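Q: Before anything else, here's the structure in question.
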Amino acid sequence: MAELGMAVPSSAGLSIDRVTKRFGEQTAVDALSLTINPGEFVALLGPSGCGKTTMLRMLAGFETINDGTIQLANRTLASADTHVPPEQRNMAMVFQSYALWPHMSVADNVGYPVKLRGLRGAAYHQKVQQALALVELDAYADRMPQALSGGQRQRVALARCLVSDPSVVLLDEPLANLDRHLRATMEHSFRDFHRRTGATLVYVTHDQTEAMALADKIAVMKAGKLVQWGAPETLYRQPRTAWVAGFIGQGSQLRVAAGHPGKLLEGAALMRGLNTIKSERTQSVLVRPEHIQISAAPASSATPIHNQLAAQVENVIFRGERYELSLRLPSGEILLAYHHTAPDLGSQVAVDLQQGWCLEPEQ
Amino acid sequence: MTPALNYDNKDGSDNKYGSQHRWLLSSLLIAIVLLSLAPSLRLLFEALSDLTQGRQSPLWQVLNSASTWRALWHSLYTSGLGMLIALILGSLFAFAITLTNVRGKAWLVFCFMLPMMIPPQVTALSWLQLFGPASPLLKSIGMAPPLGSPQPLYSAEGIALLLGIQSAPLVFLALRTSLLSLPQELIEAARISGAKQTQVWGHIILPVTRSGLIAGGAMAFISSLGNFGIPAMLGIPAGYYVLPTLIYQRMANFGTGVLAEMAALSLLIGLLALAGVALQQQLMNRSRFGLGGHSGRSHDFTLGSWRSLVTATLVGILLIILVAPLLALIISSLVPAMGVPLNAETATLNAYAEVMGRQGATWRAVNNSLWLAGSAAVVLMLLSLPLAYRLQRLPERWRGVVLSAIEIPYALPGVVLAIACILLFVRPLPIINVALYGTLGLIFIAYLARFLVVCVKPVAASLAQLDPSLEEAAQLAGAGPWRRLGSIILPLVAPALFAGGLLVFLLAVNELTVSALLWSAGNETLGVLIFNLDEGGESVLASAVSVLVVIMVASLMLTLSLLAPRLPKGVIPWQS
């Protein structure tokens, strides 16, 4: 076990190689591989039941693995016949319920990991004080956890994580129990925490906006399998499948007769592909609302300009900074677009698509 | 590079990793389960062993004896009648206290539950002081019947009445639990659909809580069947024997010579009781099924102008079943001799001075009981935490099996457990050659077996409520298994552990049924003492001891009630 202050890198890379976990008949995580660099902030994202929490618990060591290996800086933590118990992995975790020990004060909660590592006296108090200062809770050291608000408990849990200089910090849906306003504040403190400590962070969430806002890289999971692994920008701009496209961000999926999976279609090619007969339009394309321009309808909708489509306004929702429009295309498909004014329901508008991303067909 | 620390994990299918602490805890668990089952298995073996002898076998002889069937009938009659009385009293209080806005609910509940915790021999003694020609209370107010008139309680109906009062709290609890789990929305939905209060009762409340009522009745019946104190104090003087007193009488007259027959008799009661327990548990499970919504609140039906009348009725019943007998008991303890009325001249504290001051059998019995109950409580508290901790990690099906195994010595009537323990220890222990029969050691072992489940259940309930991430957080922080048990789990379940220990003490210190068969000269317990004093005609002394016992019981119950806010629901038997 790493003694505090020893020359162990405070953060280390994690390599997850074809890790599989079965609960009886059911496969919770299926041959998942990820390489996480030291100091990276990684989110495991997916709908509930996709295996992301199981993956996190295997990283922590609360679950054994059936197949594959988990390595931390070249040290094997788990494989089919190896299992380093959680207390020897030098990791830390923020639990969904915070898991603050109700019989210990805030300072005792935070100091417990370093106390176990044999730190006593002035050095101990200094360490605890530093950790509490980092989350701006130094004034609350003697309170009991029950006397704190949700956000403050969250920060105590964070302080407890960083006090022992862990190699990896795991976060299990830490914002799930907080209200919207507090979420924004806590997202900020997570980013801040990551910047200051440089720790390797693995963050589990089902909320795509949370993952996009926080993580350097996101692993999108579905039914125990990794669907896509990349930076938030990549996931947003170049989603691999229709499912990822629907899960992350807003947008519409249209059928076109152009392009192939993994290719960007420019406006002209996209419009040509849309103006083909139905049977030839076999390729799914994702069009984000910010790539749609709307103008007043031409005098006669029967004679479309080559670069524009006519569409009917089906629904208008006020979103504050803009209006969100549902438009029905002549083909019957629905297109989601933004506009700064609200057209009348049922009126005709001209639509100009600037680009679209071609998706893989769903298996 | 070599991996720093590898832990072999042969059984990769589960998420626990083998190590020394798990082996230790598992062996402890297995040892305790075997020890819990040993007495019952020994009894079963003894009762069935000589079946090959045909008509000569003890079981055959017992089944052919008229006294067996008479006692069985007496048992069923008194317990059945007692169950009816318990059902009436228990459901009246449960409905009134849980569903309506009567006054002083907390006190009504406490007073109604008190008879359950008062030892049966004390209940019997206090009622005996209330009636009959020698009653000091009746003498004092000049209403005593003439000398020579019979004591009305020395009868089957007298026994049934006291059994009913003693087990009414069981019905109350079962029904109250089932009423509290009734979601408020179910009632509100009925009201909004146009049902009147009375219709809500008939259409919603009664059907939903019916299984709770049946389960409570079954519990009252089993508890009455195994009761020894009441039929012993009221039945033996009248020559009216039920199964437990029949065994006691035979053992008192013939000693260990009739053990085989007594084992057969015990098997009879044991099977009867276990069948009842099985029935009751099935019904309890059914009464708990999937009622969603907000529950756990009382439903405050407004009684309007009836409120005072209903409150007065409940208080009146409590005055009759609790206050009057206790008053009679106190008065009896203050007179110089039975039959003397209490007034300013006759009042004396001599009996208390005798009980507390003299270093005789009385003091010795008090001493024995305090030591037995105290050390049983301490030992069981020490065992309960590791046991419950290991139990928590078992698959649910196995957890049920283990809990049932350690429940058996508690669910069996005390007489049955006592006979089983005699069978197990009547010969000196092999190898170490120590004879336990006739010593306090045997009573101690019987108490450990009987009350283990009483101590384990609150701890297990508390552990089950604990957020598992609290322990996982400590594990990630670097705490090993023993460290986690000591610095995280123990402080968090301490209130439940303490409550379990107090409950064991409360039950063990007044215990009569087991010790009635296991005691020997010099090894009396408090329960046996009251029984013996009364049998020897020393009613005044017996009353004084009983008053002290009631004070002790009530103060232990109050202590536990103060702990209640820090305990999981259902830990304290008189609260739900």
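Positions of Cβ are set from backbone N, Cα and C atoms, glycine also.
For reference, TrEMBL lists these features for the protein:
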- B:23-45: transmembrane segment (TRANSMEM)
- B:72-280: domain 'ABC transmembrane type-1' (DOMAIN)
- B:76-99: transmembrane segment (TRANSMEM)
- B:106-128: transmembrane segment (TRANSMEM)
- B:153-175: transmembrane segment (TRANSMEM)
- B:213-234: transmembrane segment (TRANSMEM)
- B:254-279: transmembrane segment (TRANSMEM)
- B:309-331: transmembrane segment (TRANSMEM)
- B:366-558: domain 'ABC transmembrane type-1' (DOMAIN)
- B:370-389: transmembrane segment (TRANSMEM)
- B:401-425: transmembrane segment (TRANSMEM)
- B:431-453: transmembrane segment (TRANSMEM)
- B:488-509: transmembrane segment (TRANSMEM)
- B:540-564: transmembrane segment (TRANSMEM)
Q: Mind checking which residues of the chain, 6+ beyond the ends of the transmembrane segment (B:23-45), have their Cβ under 8 Å from one of its Cβ atoms?
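A: Distant Cβ neighbours of the transmembrane segment (B:23-45) are 263, 266-267, 270, 383, 386-387, 389-391, 402, 405-406, 408-409, 412, 416-417, 419-421, 423-424, 449, 452.
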Q: Of the stretches B:76-99, B:153-175, B:213-234, B:309-331, B:370-389, which racks up the most C-beta pairs under 8 Å with the transmembrane segment (B:401-425)?
A: B:213-234
Q: Please identify the stretch among B:106-128, B:213-234, B:431-453, B:488-509 with the greatest number of Cβ pairs below 8 Å relative to the transmembrane segment (B:76-99).
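A: Result: B:213-234.
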Q: Would you confirm whether the transmembrane segment (B:106-128) and the transmembrane segment (B:309-331) meet the contact rule of 3 or more C-beta pairs below 8 angstroms, pairs 6 or more apart in sequence?
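A: With 3 or more qualifying Cβ pairs, these stretches touch.
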Q: Give the one range among B:309-331, B:370-389, B:431-453 whose Cβ atoms make the most pairs under 8 Å with those of the transmembrane segment (B:488-509).
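A: Comparing B:309-331, B:370-389, B:431-453 against the transmembrane segment (B:488-509), the winner is B:370-389.
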